[in-house]
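Worksheet for the structure shown next.
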């Protein structure tokens with residue numbers, strides 16, 4: 001049992017040179033780059049609070065769980081232990097599961113599910129089973145992650161097909177762009193390590209951490225906005241960016257502008 005907590009007990013080893021900057025930290029840059037989770041998560045919790053207060057305070061669980069993703073990511077890259085790997089991957093699964101249960105469109109629920117509470121219980125049950133199964137067969141977590149992610153992407157594509165709001169479409173394209181950049185860094189670090197070692201630039205996985213947090217901020221706000229437009233249209237949800245709404249780069253969030261019943265085309 002102690003072996004799963006041992007340094008470098010994981011089969012995964014990223015491109016960054018081990019113990020290059022510290023004798024106690026296996027992957028220093030990958031560990032330090034995980035700090036971005038602790039910067040962005042509290043800001044998003046604050047920015048999305050008006051929406052969460054009106055819609056469901058459970059929305060905060062997404063970004064609270066992202067803090068745990070950051071903690072476990074730091075632990076994993078600091079030790080490259082098998083337990084660190086499992087905690088890192090499972091925390092990501094729980095972020096997806098929480099978002100899935102909160103924001104999956106009601107109109108796409110299976111016929112045997114009558115309300116969101118029942119849907120959330122179903123998702124919770126599947127996630128718990130996947131979590132427990134992962135400690136027996138680690139690939140179970142990968143299957144669950146892919147199932148949630150693919151279904152979320154498909155549902156989002158269906159929702160955006162009928163959307164004509166330019167600000168929403170801009171946010172969608174920004175989310176896709178950040179996600180593509182993040183995945184490209186992950187794949188390149190994982191499978192193109194020899195090339196980056198020749199250039200003495202083995203930090204793409206750390207850059208992935210930064211990009212995926214930003215992609216999550218953009219994508220979760222997009223999904224939350226579509227949800228607000230359907231579930232609480234009377235609140236007149238609108239998109240803005242922090243710290244300045246007219247800046248080219250910022251963190252997107254939802255503002256609620258009114259109480260009259262109305263709805264945009266999204």
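One-based numbering along the chain as shown.
Heads up, the Cβ atoms here are built off N, Cα and C, so glycines get one too.
As stated in Swiss-Prot, the feature transmembrane segment covers range 117-136 out of the listed 117-136, 237-256. Going by the topological domain names that Swiss-Prot assigns, residue 23 and residue 231 belong to different sides of the membrane. The Zn(2+) site recorded in Swiss-Prot includes 205, 209, and the single candidate from 49, 60, 77 that the record places there is 77. Counted over every protein chain shown, other Cβ atoms within 10 Å are most numerous around 27 among the binding-site residues 13, 16, 27. Just going by CB pairs under 8 A, the stretch in 28-48, 84-104, 168-188, 206-226 that sits most against the transmembrane segment (140-160) is 84-104. Within the chain, the topological domain 'Lumenal' (1-27) has long-range Cβ neighbours (under 8 A, six or more residues past its boundaries) at 76-86, 189-190, 193, 196-197, 202-206.
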